[in-house]
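These notes concern the structure reproduced below.
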């Protein structure tokens with residue numbers, strides 16, 4: 001379970017988060033939905049402990065990453081906002097490196113790497129160096145790095161950007177399967193269809209706060225709109241009515 | 001922690017070995033540096049040992065063609081242009097009786113007229129004297145041989161003269177630059193790797209993900225530092241191997257320098273370079289983790305390269321002779337290398353203390369970098 005309690009964060013004059021509280025449960029996919037600049041990336045970075053909150057707490061399985069960063073990071077797999085690949089390493093070497101960093105033994109890491117390569121259907125790429133990969137191929141590698149150690153929690157920052165239809169399907173299938181296995185999945189997005197198709201729970205963010213929270217259906221009901229997109233616009237545009 | 005360090009080290013080594021730019025930087029310095037240096041010294045020596053001809057007035061050369069020819073072969077020639085103002089002419093007079101006296105086996109009086117107190121002309125006069133002397137010895141030998149006497153009998157002693165007048169300062173210069181080259185090898189060879197695994201990591205956006213892994217930033221920094229140090233030491237090893245080979249082809253003895261680098265000396269130098277390599281890498285990582293990208297890091301690091309150069313050359317040119325130098329990082333190693341190359345006894349305490357200080361400084365710097373990587377300001381460049 002991932003939980004944030006009254007998170008606040010300020011960068012110079014910009015108040016990125018102003019009291020953000022939400023909860024993402026195990027075995028569920030929680031979508032963090034918000035316009036650009038709503039503070040999604042900041043929130044995720046605080047959860048895995050690369051940024052320090054000015055106030056409030058972020059807990060992963062009850063562990064505060066600002067107190068015990070290593071313990072917290074062992075619980076999660078991360079798909080960051082910006083990711084770069086080591087272009088001189090093959091996909092296999094790369095994924096295995098992060099498996100080892102997660103504490104797997106060399107043997108385990110080899111097995112886990114092979115497994116995740118099969119799962120993501122990357123056999124053809126596995127022993128190629130990642131220089132010259134397409135955006136979709138790079139995303140897959142990043143995804144493989146994130147889940148190779150079978151984390152109980154998965155945090156993804158806009159995972160579907162740049163993916164073609166087939167890759168998006170693989171991603172969705174993978175997330176659903178991980179959800180079945182009881183993984184707590186938190187992902188940020190501003191793509192409505194994505195959220196509507198995948199999420200059990202949607203947290204709508206605006207101005208560093210939770211503007212609304214619920215299943216896609218609940219959000220539609222709340223706003224009286226049929227489509228999530230319209231509901232989203234309504235929530236963001238007139239947050240007074242919703243927040244009350 | 002140690003397992004994580006090994007994991008990082010292995011990965012970074014593999015990555016760096018495949019990077020042609022890093023590899024060439026490490027190899028290129030060690031390979032081409034000594035060769036370039038050797039070529040430069042070669043020309044220097046050529047120039048130093050080059051003797052231009054001495055032009056003097058020779059009177060009566062026509063009556064002693066053999067002697068005149070001998071003088072020419074010794075680069076002593078008939079002067080064509082006038083003597084400069086204020087300089088007395090040097091004149092060698094050969095008497096007309098030369099031929100007959102020679103034939104009779106008598107002594108011929110050859111007159112050398114010159115200002116023997118003139119400093120400037122001294123070496124010229126000496127050369128003329130030596131040439132006359134040499135010809136005289138040659139003729140004497142021939143006369144003795146004709147009479148069935150071994151010429152060596154009349155020269156029981158042979159004096160070998162080697163001019164060391166100016167070689168001392170040149171030797172110091174040549175040695176000094178070789179030493180600086182060796183010391184710089186640890187700064188140069190790991191440089192590209194150090195930039196690539198720090199600023200490069202940031203530039204290709206892999207730093208955030210790496211830092212979000214469950215390994216301490218200390219372990220990460222150590223793994224990376226050891227990678228760059230490995231390259232630095234590899235470059236040092238290569239330099240230390242190649243320098244003696246290349247310099248064996250340079251005729252250093254011609255200008256009175258004997259540079260013998262024995263295997264134990266080289267080994268001792270290599271051991272002393274180990275802590276220095278770690279310090280060099282720590283400094284480079286410190287600088288380039290603060291840079292936003294590869295280019296910026298390169299700029300900073302080229303300034304950083306001046307540090308060892310200034311420290312070493314500064315001490316040499318300013319002729320600072322303080323005992324403290326032997327105990328400090330960088331200058332300590334330099335002083336020890338100087339002693340080694342001069343064949344003096346090594347200041348063991350100095351070597352150990354400077355090695356220890358170098359290590360302490362490196363460890364301190366690395367742990368500071370580790371702390372730096374926990375700060376969001378450094379990581380995200382806020």
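Residue numbers in this text run from 1 along the chain shown.
Cβ atoms are placed via backbone N, Cα and C, with glycine included.
Just so you know, TrEMBL annotations never went through curation; they're auto-generated.
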Stated TrEMBL location of transmembrane segment, expressed as one of B:196-218, B:265-287: B:265-287
B:171-195, B:321-345 - the one TrEMBL records as transmembrane segment: B:171-195
Remote residues contacting the transmembrane segment (B:21-45) - C-beta distance under 8 A, at least 6 residues beyond either end: 170, 174, 177-178, 181, 185, 188-193, 196, 231-232, 234-236, 238-239, 242-243, 246-247, 249-252, 254-255
The transmembrane segment (B:299-320) touching the transmembrane segment (B:231-253) per 3+ Cβ pairs under 8 Å rule: no
